[in-house]
Amino acid sequence: MPNFSGNWKIIRSENFEDLLKVLGVNVMLRKIAVAAASKPAVEIKQEGDTFYIKTSTTVRTTEINFKIGEEFEEQTVDGRPCKSLVKWESENKMVCEQRLLKGEGPKTSWTRELTNDGELILTMTADDIVCTRVYVRE
């Protein structure tokens, strides 16, 4: 079983602003979010299939607790409440499908994958826009 536990720092990000744009975040808030999210602190604690993930930026801190295969509530990257379900796609990759609790919006999901060279790859998808963020352990 992969070990996602640790404190992670970002080394690369692609399409984050495009993702926020397709989610309907206005230009001013996008600029603030992109600047704040350029150096997030990510802490992951894992016990088997149970996860705690805390992501801290200068603007916002989010915390989620979940178990693989059990639905839970969280927020989409733009802050809308949703139900999420995480499953293992492969030995080192988890996939989360999100369903908005109310209203309409783009179909959103995320994945987290550990690579053989120790990187954590987070992908966030809204409709056909994919944002990729790559982290290494601190």
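Cβ from N, Cα, C; glycine included.
The feature motif 'Nuclear localization signal', as given by Swiss-Prot for the ranges 10-20, 21-31, 120-130, sits at 21-31. The CA atom of ARG133 (all-trans-retinoate binding site) is located 28 Å away from the CA atom of LYS102 (SUMO cross-link). Note: the all-trans-retinoate site is recorded as ARG133, VAL134, TYR135; in the same chain, TRP8, ILE10, ILE11, ARG12, SER13, GLU119, LEU120, ILE121, LEU122, THR132, VAL136 also have Cβ atoms within 8 Å of that site's Cβ centroid. DSSP assigns LYS102 (SUMO cross-link) to coil in the three-state reduction, placing it in neither a helix nor a strand.
Averaged across the motif 'Nuclear localization signal' (21-31), pLDDT in this predicted model comes to 93. Close to TYR135 (all-trans-retinoate binding site) in the fold, though at least 6 residues off in sequence, lie TRP8, LYS9, ILE10, ILE11, VAL42, GLU119, LEU120, ILE121, LEU122, each with a CB less than 8 Å from its CB.
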